[in-house]
């Protein structure tokens with residue numbers, strides 16, 4: 001998060017209008033911006049902590065239940081209603097995600113804590129997107145992103161120090177991985193979502209999370225040399241069908 005905020009900072013510094021936006025934020029906007037960063041940090045913290053207690057498959061499947069939280073939050077907070085076709089598409093895509101990870105899914109013993117943490121991770125990232133949907137109507141991309149990523153970095157730094165994690169003893173390769181995560185996962189991932197939130201609902205953006213199991217299967221094939229099973233192939237087809245039905249609901 002720190003690398004991402006620093007990488008985006010030059011884009012803000014050379015945009016005077018957006019600098020003025022940041023300088024004239026109301027107290028409520030500042031608080032919401034900081035809160036969004038805390039929610040983003042909490043999402044990653046809860047998700048990674050869940051992996052200590054449960055399988056990657058279980059954790060990933062539960063995190064991809066995020067659209068369910070998005071549908072509920074959208075209805076309760078903003079009165080957003082979805083058509084039956086859209087709901088069917090959403091649940092179909094979630095079912096596809098479950099198909100991919102079901103063979104390794106486990107909800108018992110110590111895994112229960114990990115499963116609960118992953119479920120909470122899905123909830124807080126939903127809150128992050130809804131705050132972004134609200135703030136992005138009046139706030140440009142770079143001020144919002146830097147405010148959120150900066151506050152997220154501060155939260156994660158505090159958490160790391162509290163847990164006694166090392167902040168410096170990493171190899172050059174690890175630092176390259178950190179930079180890659182900042183560039184690909186955050187700047188080309190989260191920042192694109194934040195940009196879209198000005199025009200798209202958080203419930204629609206949340207559907208993109210369901211593409212994570214597909215990306216996981218593809219990366220596992222090319223990087224780890226793991227073959228794709230028939231079950232995974234079926235799950236990918238079901239996810240894509242569900243997303244298509246959801247987005248093409250009109």
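These residue numbers are counts, starting from 1, taken along the chain as shown.
Each Cβ is built from the backbone N, Cα and C atoms, and glycine gets one as well.
Automatic, uncurated: that is what TrEMBL annotation is.
Each residue in the domain 'EamA' (1-101) gets a DSSP state, and the totals come to 83 helix, 0 strand, 18 coil. The domain 'EamA' feature in TrEMBL is assigned to 1-101 (among others).
Summarised by DSSP class, the composition of the domain 'EamA' (113-247) is 111 helix, 0 strand, 24 coil. The domain 'EamA' annotation in TrEMBL covers 113-247 (among others).
Per TrEMBL, the feature transmembrane segment maps to 56-78 (among others).
The transmembrane segment annotation in TrEMBL covers 85-103 (among others). Counting residues 6+ beyond its ends, the transmembrane segment (85-103) has Cβ neighbours under 8 Å at 57-58, 60-61, 64-65, 67-68, 71, 207, 210, 212-213, 216-217, 229, 231-232, 234-247, 249 in the same chain.
The transmembrane segment annotation in TrEMBL covers 109-130 (among others). Long-range contacts of the transmembrane segment (109-130) within its own chain (CB-CB distance under 8 A, at least 6 residues past either end) are made by residues 36, 39-40, 42-44, 46-47, 49-55, 58-60, 62-66, 68-70, 73-74, 77, 148, 193, 197, 202, 205-206, 209.
Summarising the annotation, TrEMBL assigns transmembrane segment to 142-162 (among others).
Annotation source TrEMBL lists transmembrane segment at 174-197 (among others).
Residues annotated as transmembrane segment in TrEMBL: 204-224 (among others).
Summarising the annotation, TrEMBL assigns transmembrane segment to 230-248 (among others).
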**Request:** Grab the pLDDT values for the domain 'EamA' (1-101) and give me their mean, rounded.
**Result:** 83
